[in-house]
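As given in TrEMBL:
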TRANSMEM  B:7-36  transmembrane segment
DOMAIN    B:25-309  domain 'ABC transmembrane type-1'
TRANSMEM  B:42-62  transmembrane segment
TRANSMEM  B:139-159  transmembrane segment
TRANSMEM  B:165-186  transmembrane segment
TRANSMEM  B:250-268  transmembrane segment
TRANSMEM  B:280-300  transmembrane segment
DOMAIN    B:326-534  domain 'ABC transporter'
Amino acid sequence: MQTRIVGPVARTLRAAGFLAVLSALIWPVQAGAIALAIDGWVGSGAGGLSVPAAAATVLIGGAIRAWLDFRAGGLAFDAADRTIARERDVLLRREARARSGDGSAAIAALIVQKLPMLHPWITRYYVAMVRVSVVPLVLLIVVFSISWIVGLVLLAAGPLIPIFMALIGIAAEKASRRQLAEIGTMNGMLMERLSALLDIRLLGASDRVTRDFERRADALRNQTMAVLRIAFLSSTVLELAAAIGVAMVAVFVGFTLLGEITYGTWGVPLTLGQGIFLLLLAPDYFNPLRDLAAAWHDRAAGLSVVAELEEADRADRIAFVGNGVPGQPLDGPIRVRVSGATVDLSGRVLALPDFDVSAGEAVALRGPSGAGKSTTLAAILGLVPLSAGQIDVCGRRLDADTADDWRSRLSVVPQKPHFADRSLRDYLTPRPDADVSIADALTLAQACPIVDRLPDGLETRLSESGGGVSGGEARRLMIARAVRMDGDLLLADEPTADLDPQTAAMVIDALKGLKAAGKTMLIATHDPALIAAMDRVVTVSPQNMDGETGA
Amino acid sequence: MTALLRILRLLIVASPWSMARGAMLAVLVLLMGAALLGLSGWFITATGLAGLAGIGIAFDVFRPSAGVRLLALGRAAARYGERLLTHDATLRALAALRVDLLKRVARRDGRQLQNLRGEAALTRIVADVDALDGVILRLFLPVLAAVVTHAVAFAALWWLAGAPVALSVLVGYVPAGLIILIALGWRSLSPSRTAEDEAQRLRRGVIDLIRDREASILTGSLAAGEEALLQTDRTARAAIRRLDVQERRAGLILAVAGSVALALALLAGDWVLSRGSVDAASAAIGVFVALALGEAFIPLRRGVTEIGRIIPAAERVLSEAEPAPVPSKEGRCEDATVLSLRVGDKHLSLNTGQAAVLTGASGIGKTTLLLRIAGLSTLSDARISILGRDPSHWAEADLRDAVTMVPQRSVLIAGTVRDNLALTGITDERAMWAALDAVALAETIRHRDGLDTLLGEGGSGLSGGETRRMALARAVLRRPKLLLLDEPTEGLDTETAAKVLAGIRAALPDTAILAALHRDVAHPLFGARVSLEL
């Protein structure tokens with residue numbers, strides 16, 4: 001689990017850790033200078049350091065430490081940045097390609113909001129680990145060489161920290177996971193409600209929805225506080241252990257200097273300088289341990305993110321055929337042949353009808369709702385992979401190599417209107433190299449008045465479902481877009497389903513015009529008027545796959 | 001900057017008592033930290049002096065050592081209390097702010113709601129509000145604590161160790177600290193803003209690409225869409241890298257300033273000692289306090305680099321208009337006429353159980369008029385009275401109970417059919433089935449998983465016509481006095497349309513119905529006809 005994240009950047013992190021250790025080891029030198037200078041004030045020391053020399057040591061040492069920490073931070077940042085870039089790349093290249101059951105807002109939250117939670121884990125935890133394995137040990141040796149009893153105090157207080165930290169680590173990770181899950185839920189829930197806000201308002205449901213959201217927002221606050229509470233409590237206990245350790249050192253040194261304690265210093269009396277040196281070292285003995293404990297929570301959060309990433313890796317996905325790149329149009333006349341094809345729709349196997357479409361033909365795909373008309377079209381478009389059988393297009397098998405080239409010969413009218421977040425002009429420019437002008441396409445689809453009526457015309461951004469235009473108007477815009485795609489084969493899924501008879505007649509006229517212009521057509525519909533305008537009917541039945549009849 | 005201050009006030013006012021206690025404890029933590037090291041240093045030096053002078057027995061060890069222990073314990077406890085209080089108060093205020101934002105968005109007028117893009121509102125409520133948590137936790141409280149601590153430490157050092165020591169600590173830290181932090185804040189404004197903007201763009205883009213997936217595949221633009229998102233990610237990360245460099249550079253200079261303060265304290269201590277104004281123990285206090293004060297400025301770096309991200313987010317959050325004031329319940333008393341409508345010289349009045357059609361070509365203003373009747377628009381100059389009162393004089397909840405409108409484009413939500421129907425506030429299964437029956441949808445739903453039929457994002461899984469009927473079923477469940485239907489038969493074939501209209505009437509015999517249709521419907525349901533030919 002950790003190797004996935006840390007493996008590729010382990011070298012960089014080791015280098016960062018090395019610099020951080022160097023920096024920490026300069027402190028004893030500075031502390032020694034300060035101790036000797038103060039010792040000199042009292043006048044007890046033999047050959048104390050002059051105060052200017054001590055001040056210079058403090059200053060130079062401080063500057064070197066600051067620089068080392070600066071470099072170490074830079075290396076750690078690099079490691080974290082590379083990791084986030086890598087994971088984001090994987091997610092971005094996968095989630096739109098192969099959909100899982102997760103909502104788009106939850107995935108966006110994972111990519112944008114949760115991935116950066118790996119950052120503190122990578123930058124802090126590993127550096128803290130390296131420091132903890134070197135610095136306390138070195139300081140302990142130094143302290144023992146002066147006073148074994150102070151060494152024992154530190155030795156006793158130190159290991160408490162990692163033990164305690166491991167205990168709370170488990171609780172912290174659980175809490176982090178719940179918090180992450182809640183972030184996903186809140187995003188998903190909110191996205192859906194926001195998209196349907198007009199309906200919600202008109203149904204008088206604003207208050208109910210707001211209350212639901214309030215509960216979600218509150219649940220997220222609670223989960224976040226649960227994570228923080230563990231973090232705060234643990235860091236308090238650790239700080240306490242460190243503070244008590246330092247206080248004990250201070251008191252012990254004080255009593256020794258007063259002469260009330262006479263043991264623990266290898267038989268020689270403790271000088272004031274040594275006492276101050278011990279006092280200055282004590283906090284830095286605990287610091288790496290405290291940092292590690294704090295980073296332990298970053299680790300818990302990071303591991304929770306990794307768990308979500310791995311869950312996303314394992315999710316059932318529906319891929320599509322091809323790569324979603326612009327293709328070189330397949331050669332030859334249009335021809336579609338579906339033979340023995342079945343599609344696996346998450347457990348439910350659907351058999352597609354066997355049929356042919358040749359260039360210049362207009363074929364209606366008929367059948368009751370749920371029989372698989374839309375799935376048949378999706379399979380021909382390469383939007384769902386086949387589990388058996390095959391589809392041939394222009395005499396070649398439809399597979400990953402041909403799918404993009406095949407699609408570049410198609411025009412498509414999907415079943416439901418969907419407008420991405422871009423202007424109508426961009427919506428009506430599905431491919432960069434269209435031969436048909438926007439004006440011509442709008443005219444053919446009888447959609448000119450719709451655009452004229454919109455205050456911003458072609459610069460309008462419609463809402464996702466096409467709020468701002470009626471269903472019939474949205475349908476005509478979709479047909480205009482299909483015209484602009486300028487394919488040789490037009491596939492349409494119930495193009496008149498959302499329309500009243502009058503508008504439907506307009507759409508059928510537009511389709512007839514395209515047919516007259518030489519386009520081949522395959523249209524899923526159960527509209528008798530549209531079926532009558534086609535040359536031939538293929539029936540899709542829910543049970544099996546045959547039944548080709550003339551119209 | 002005013003936006004920042006307004007947000008700050010908003011967050012503090014949400015729970016002033018917790019914030020005040022939190023601020024007090026934040027100051028206490030830093031002061032106790034400084035006092036702990038100062039006292040320890042003094043204690044050791046003083047005991048050293050006493051030991052040398054041979055007066056160890058007379059030295060009062062108990063009060064200082066008790067003080068050291070008290071400060072150690074008190075500091076940890078204060079830190080815990082401070083963090084818990086301020087984080088809890090901030091998170092509460094932010095959660096309330098999110099809910100408030102949703103309320104405000106929901107109170108927009110009909111046109112705006114119709115054109116609302118979910119992903120844009122989502123980034124407002126989630127990301128912009130998230131950006132604000134640093135205002136208190138990483139900016140206001142640390143600045144306050146640092147300033148107060150330095151002031152108190154300065155006074156205390158002056159008193160204990162003399163002016164030179166106090167001044168050296170102050171001069172070592174404060175001017176350098178202030179200059180560095182102000183410079184850092186200034187230089188990070190632009191990258192910080194870019195990082196947040198691009199992150200939000202990435203969030204919206206991911207949602208948009210996933211929801212528009214099929215169209216992108218069909219036009220071969222999926223790969224290009226992914227590449228565009230990766231480019232956004234690169235821009236965002238480049239900005240974060242610039243921020244990181246700025247922050248680390250500031251950290252480097254602050255650390256050097258800390259060393260300068262320490263060295264100065266040492267030299268100043270030596271100087272006051274040589275003049276004999278204080279003893280060595282008091283002079284040592286300065287050194288130790290200088291050491292401890294290093295932790296006052298360091299945490300400010302993070303907060304300062306966030307200013308560039310906080311200000312635009314605060315501006316966007318605050319720009320969400322105040323919700324309209326709740327109208328006073330004035331106007332005439334209840335009227336038998338459910339709806340009375342006067343547009344130009346045309347007049348229509350509907351009583352219980354009556355129905356009328358509003359006709360007119362596309363774009364003539366039928367939808368606007370319906371939204372105006374539903375109280376979601378002020379655009380139309382029509383004179384309207386619902387049960388004797390203008391829609392704008394109704395309280396929102398009462399108006400929603402009396403009037404339900406089915407807009408032209410209805411959106412369903414992910415979840416079960418039951419979840420969608422329950423938006424009406426009615427959870428009774430029999431009522432749900434009756435409503436589905438009225439719109440000729442019961443059969444379809446029964447053949448799937450009944451009320452537990454799962455719908456995907458945006459209600460996907462139902463066809464256009466089924467979506468339409470689901471929306472009508474919700475309206476039936478509301479049992480309003482006045483039902484406004486915007487193109488109710490669109491998306492339905494003639495036969496189903498007739499069935500649905502008859503079903504709605506049968507289910508709601510007493511409801512007055514006004515339907516906008518852009519073609520003439522000769523349905524026996526509609527008695528009156530208002531043509532909006534202007």
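Note: Cβ is positioned from N, Cα and C throughout, glycine not excepted.
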Leading stretch by Cβ pairs under 8 Å, where the reference is the transmembrane segment (B:139-159) and the options are B:7-36, B:165-186, B:280-300: B:7-36
Predicted model, mean pLDDT over the domain 'ABC transporter' (B:326-534): 82
Tertiary contacts of the transmembrane segment (B:280-300), as residues 6+ beyond its ends and Cβ separation under 8 Å: 30, 33-34, 36-38, 40-42, 45-46, 49, 138-139, 142-143, 145-146, 149-150, 153, 156-157, 160-162, 165-166, 168-169, 172-173, 177, 181, 251, 254-255, 257-258, 261-262, 264-266, 268-270, 272-273
Close approaches to the transmembrane segment (B:7-36) from elsewhere in its chain (Cβ under 8 angstroms; 6 or more beyond its ends): 68, 71-72, 74-75, 78-79, 81-82, 85-86, 88-90, 92-94, 96-97, 132, 135-136, 140-142, 144-146, 148-149, 152-153, 289, 292-293, 295-296, 310, 314, 317-318
